[in-house]
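Enquirer: Pulled these from Swiss-Prot:
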- 167-176: compositional bias 'Polar residues' (COMPBIAS)
- Cys30-Cys61: disulfide bond (DISULFID)
- Cys40-Cys51: disulfide bond (DISULFID)
- 27-69: domain 'CHCH' (DOMAIN)
- 1-20: region 'Disordered' (REGION)
- 124-176: region 'Disordered' (REGION)
- 30-40: motif 'Cx9C motif 1' (MOTIF)
- 51-61: motif 'Cx9C motif 2' (MOTIF)
Amino acid sequence: MSFGRPPTFSDFKVSPPERGSFPLDHDGECKSVMQEYMNCIKYNRNDNGKCRHLSRAYLQCRMDKGLMEQDNMDNLGFKDVVDPASTETKNAAAAAAAYRAASQGRGAHSGLAVSYAGDTHGVERHTNSAKAGSGSAADESNRDANARANANGHVSRQDASYAGDSHAQSGTARLV
(Lines of atoms letter the chains of each structure in order from A and count residues from 1; the text may use other names and numbers.)
(Lines give C-alpha, C1' and ligand atoms only; values in the text may rest on other atoms or scores of the structure.)
Protein backbone atom coordinates (compact mmCIF):
# COMPACT_ATOMS: atom_id res chain seq x y z
CA MET A 1 0.00 0.00 0.00
CA SER A 2 1.42 3.39 -0.91
CA PHE A 3 0.50 6.94 -0.07
CA GLY A 4 -1.82 8.79 -2.43
CA ARG A 5 -3.25 5.65 -3.93
CA PRO A 6 -6.57 4.02 -2.98
CA PRO A 7 -6.09 1.10 -0.63
CA THR A 8 -6.09 -2.36 -2.11
CA PHE A 9 -7.08 -5.42 -0.25
CA SER A 10 -5.23 -7.89 -2.42
CA ASP A 11 -2.50 -8.18 0.23
CA PHE A 12 -5.09 -8.83 2.95
CA LYS A 13 -5.31 -12.52 3.81
CA VAL A 14 -8.17 -13.97 5.79
CA SER A 15 -7.09 -16.50 8.37
CA PRO A 16 -9.27 -18.58 10.66
CA PRO A 17 -9.32 -17.68 14.36
CA GLU A 18 -6.74 -19.31 16.56
CA ARG A 19 -7.70 -22.29 18.68
CA GLY A 20 -9.67 -21.06 21.67
CA SER A 21 -11.15 -18.08 19.82
CA PHE A 22 -14.82 -18.52 19.11
CA PRO A 23 -17.87 -16.34 18.48
CA LEU A 24 -19.53 -14.43 21.28
CA ASP A 25 -22.78 -15.76 22.69
CA HIS A 26 -24.94 -12.87 21.45
CA ASP A 27 -28.21 -14.74 22.05
CA GLY A 28 -27.26 -15.79 25.59
CA GLU A 29 -27.66 -19.48 24.86
CA CYS A 30 -25.04 -20.46 27.47
CA LYS A 31 -25.36 -17.41 29.70
CA SER A 32 -26.80 -19.30 32.68
CA VAL A 33 -23.93 -21.80 32.70
CA MET A 34 -21.39 -18.99 32.35
CA GLN A 35 -23.04 -17.02 35.16
CA GLU A 36 -22.98 -20.09 37.41
CA TYR A 37 -19.27 -20.50 36.69
CA MET A 38 -18.56 -16.82 37.42
CA ASN A 39 -20.50 -17.03 40.69
CA CYS A 40 -18.51 -20.11 41.66
CA ILE A 41 -15.26 -18.29 40.89
CA LYS A 42 -16.34 -15.33 43.05
CA TYR A 43 -17.48 -17.59 45.87
CA ASN A 44 -14.20 -19.54 45.87
CA ARG A 45 -12.07 -16.37 45.75
CA ASN A 46 -10.80 -16.96 42.20
CA ASP A 47 -9.78 -20.57 42.88
CA ASN A 48 -10.88 -22.10 39.59
CA GLY A 49 -9.93 -25.64 40.67
CA LYS A 50 -13.19 -25.92 42.57
CA CYS A 51 -15.18 -24.74 39.54
CA ARG A 52 -13.61 -26.78 36.75
CA HIS A 53 -16.72 -28.91 36.39
CA LEU A 54 -18.68 -25.73 35.61
CA SER A 55 -16.13 -24.52 33.06
CA ARG A 56 -16.38 -27.94 31.43
CA ALA A 57 -20.18 -27.62 31.37
CA TYR A 58 -19.84 -24.15 29.81
CA LEU A 59 -17.58 -25.41 27.02
CA GLN A 60 -19.89 -28.39 26.46
CA CYS A 61 -22.84 -25.98 26.15
CA ARG A 62 -20.92 -23.91 23.60
CA MET A 63 -20.13 -27.03 21.58
CA ASP A 64 -23.76 -28.23 21.77
CA LYS A 65 -25.07 -24.84 20.57
CA GLY A 66 -22.55 -24.59 17.72
CA LEU A 67 -20.67 -21.65 19.23
CA MET A 68 -17.43 -23.60 19.04
CA GLU A 69 -16.17 -26.63 17.20
CA GLN A 70 -16.82 -30.05 18.72
CA ASP A 71 -13.71 -31.36 20.44
CA ASN A 72 -12.73 -33.99 22.95
CA MET A 73 -12.67 -32.63 26.52
CA ASP A 74 -9.24 -34.22 26.98
CA ASN A 75 -7.91 -31.88 24.28
CA LEU A 76 -9.43 -28.90 26.10
CA GLY A 77 -7.62 -29.66 29.35
CA PHE A 78 -10.37 -31.52 31.18
CA LYS A 79 -8.79 -34.96 31.32
CA ASP A 80 -8.38 -34.79 35.09
CA VAL A 81 -11.76 -33.21 35.94
CA VAL A 82 -13.62 -35.24 38.54
CA ASP A 83 -17.02 -36.61 37.62
CA PRO A 84 -19.84 -34.33 38.93
CA ALA A 85 -21.20 -37.29 40.91
CA SER A 86 -18.34 -37.05 43.41
CA THR A 87 -19.00 -35.59 46.85
CA GLU A 88 -16.62 -32.64 46.56
CA THR A 89 -18.14 -31.61 43.27
CA LYS A 90 -21.64 -31.90 44.70
CA ASN A 91 -20.60 -29.65 47.57
CA ALA A 92 -19.13 -27.08 45.17
CA ALA A 93 -22.28 -27.23 43.04
CA ALA A 94 -24.46 -26.79 46.14
CA ALA A 95 -22.33 -23.85 47.23
CA ALA A 96 -22.62 -22.30 43.75
CA ALA A 97 -26.39 -22.86 43.84
CA ALA A 98 -26.54 -21.23 47.27
CA TYR A 99 -24.50 -18.33 45.96
CA ARG A 100 -26.80 -18.01 42.95
CA ALA A 101 -29.90 -18.11 45.19
CA ALA A 102 -28.48 -15.37 47.38
CA SER A 103 -27.53 -13.25 44.37
CA GLN A 104 -31.10 -13.48 43.08
CA GLY A 105 -32.44 -12.04 46.34
CA ARG A 106 -33.92 -15.23 47.77
CA GLY A 107 -33.99 -15.64 51.52
CA ALA A 108 -31.40 -17.42 53.61
CA HIS A 109 -33.88 -20.13 54.52
CA SER A 110 -34.79 -21.45 51.06
CA GLY A 111 -33.74 -25.00 51.88
CA LEU A 112 -30.04 -24.34 51.48
CA ALA A 113 -27.65 -23.84 54.38
CA VAL A 114 -26.86 -20.23 53.59
CA SER A 115 -25.98 -17.75 56.30
CA TYR A 116 -25.93 -13.99 56.03
CA ALA A 117 -23.89 -11.68 58.24
CA GLY A 118 -26.08 -10.86 61.21
CA ASP A 119 -28.28 -13.93 60.74
CA THR A 120 -28.63 -15.65 64.12
CA HIS A 121 -30.58 -18.56 62.63
CA GLY A 122 -28.08 -19.84 60.08
CA VAL A 123 -24.92 -21.88 60.03
CA GLU A 124 -23.27 -19.85 62.79
CA ARG A 125 -25.55 -21.48 65.43
CA HIS A 126 -25.85 -18.49 67.75
CA THR A 127 -28.56 -18.00 70.31
CA ASN A 128 -31.30 -15.57 69.40
CA SER A 129 -31.30 -12.07 70.80
CA ALA A 130 -33.82 -9.27 70.64
CA LYS A 131 -31.52 -7.22 68.46
CA ALA A 132 -30.09 -9.89 66.16
CA GLY A 133 -27.58 -8.49 63.71
CA SER A 134 -27.64 -5.00 65.21
CA GLY A 135 -24.17 -5.20 66.75
CA SER A 136 -25.54 -4.40 70.22
CA ALA A 137 -23.75 -5.60 73.36
CA ALA A 138 -26.43 -8.27 73.94
CA ASP A 139 -26.02 -9.48 70.40
CA GLU A 140 -22.22 -9.48 70.54
CA SER A 141 -22.18 -11.61 73.70
CA ASN A 142 -23.94 -14.39 71.75
CA ARG A 143 -21.33 -14.45 68.99
CA ASP A 144 -17.86 -15.82 68.54
CA ALA A 145 -14.91 -13.87 67.07
CA ASN A 146 -15.74 -14.71 63.43
CA ALA A 147 -19.34 -13.63 63.83
CA ARG A 148 -18.26 -10.32 65.40
CA ALA A 149 -16.12 -9.68 62.33
CA ASN A 150 -19.15 -10.46 60.13
CA ALA A 151 -21.34 -8.03 62.08
CA ASN A 152 -18.72 -5.35 61.46
CA GLY A 153 -18.92 -5.95 57.71
CA HIS A 154 -15.79 -8.08 57.32
CA VAL A 155 -15.62 -10.99 54.91
CA SER A 156 -17.03 -14.22 56.30
CA ARG A 157 -14.91 -17.34 56.00
CA GLN A 158 -17.79 -19.77 56.49
CA ASP A 159 -19.19 -21.97 53.75
CA ALA A 160 -22.16 -20.40 51.98
CA SER A 161 -22.07 -17.18 53.99
CA TYR A 162 -22.82 -13.76 52.56
CA ALA A 163 -22.83 -10.21 53.83
CA GLY A 164 -26.09 -8.34 53.70
CA ASP A 165 -29.32 -8.10 55.61
CA SER A 166 -30.19 -11.01 57.86
CA HIS A 167 -32.77 -12.57 55.56
CA ALA A 168 -32.07 -10.89 52.19
CA GLN A 169 -35.69 -9.81 51.95
CA SER A 170 -34.83 -6.31 50.81
CA GLY A 171 -32.96 -7.65 47.78
CA THR A 172 -29.91 -5.56 48.65
CA ALA A 173 -27.68 -8.37 49.89
CA ARG A 174 -24.08 -7.86 48.86
CA LEU A 175 -22.26 -11.03 47.89
CA VAL A 176 -18.82 -11.40 49.38
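Just so it is clear, glycine is given a Cβ too, placed from its N, Cα and C backbone atoms.
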Enquirer: Near Cys30 (disulfide bond), which residues of its own chain have a C-beta under 8 A away, given they sit six or more steps off in sequence?
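Expert: In sequence order, the residues whose Cβ lies under 8 Å from that of Cys30 (disulfide bond) (at least 6 apart) are Tyr58, Cys61, Arg62, Lys65, Leu67.
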Enquirer: Looking only at the motif 'Cx9C motif 2' (51-61), what is the mean pLDDT?
Expert: 92
Enquirer: Out of Cys40, Cys61, which of these disulfide-bonded residues shows the lowest number of other CB atoms within 10 Å of its CB?
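Expert: Comparing Cβ neighbours within 10 Å for the disulfide-bonded residues Cys40, Cys61, Cys61 has the fewest.
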